[in-house]
Amino acid sequence: MSATHHKTSLPQGVRVGTVMRIRGLVPDQAGRFHVNLLCGEEQGADAALHFNPRLDTSEVVFNTKQQGKWGREERGTGIPFQRGQPFEVLLIATEEGFKAVVGDDEYLHFHHRLPPARVRLVEVGGDVQLHSLNIF
């Protein structure tokens with residue numbers, strides 16, 4: 001299975017009310033995929049959000065990366081993704097954090113550890129077929 005690697009620039013950053021909509025398909029043999037909200041285009045840039053569905057371990061991990069170091073992982077309850085099935089994720093910037101909505105259900109509200117205004121790039125990668133990435 002070939003890994004997806006897609007990047008979309010956000011030159012204006014992220015502010016309260018910004019919505020990122022990711023639509024795709026989880027392949028039958030998928031292990032993991034991720035959506036990263038990065039603070040720069042350089043290798044090793046800080047990540048304001050690392051959203052990481054792990055089908056191989058049936059969990060979704062949320063985290064940040066600052067100065068090359070990962071923070072404390074947070075996990076949602078259950079895994080709202082299934083191999084061979086399409087999905088829609090909304091990442092919504094709020095005053096408090098990033099709200100992750102999968103399908104019609106709020107999944108987790110990840111509290112800001114880095115200012116969302118620093119975000120410059122959305123990166124989608126791993127075992128996923130990306131259909132669309134829209135920023136509203």
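The backbone N, Cα and C atoms fix where each Cβ goes, glycine too.
Under the DSSP three-state reduction, G76 (beta-D-galactoside binding site) is assigned to coil, being neither helix nor strand. If you look up Swiss-Prot, you'll see W70, G71, R72, E73, E74, R75, G76 marked as beta-D-galactoside binding site, on the strength of sequence analysis.
The domain 'Galectin' annotation in Swiss-Prot covers 6-136 and rests on sequence analysis.
Ranking the binding-site residues R72, R75 by the number of CB atoms within 10 A of their own CB puts R75 at the top.
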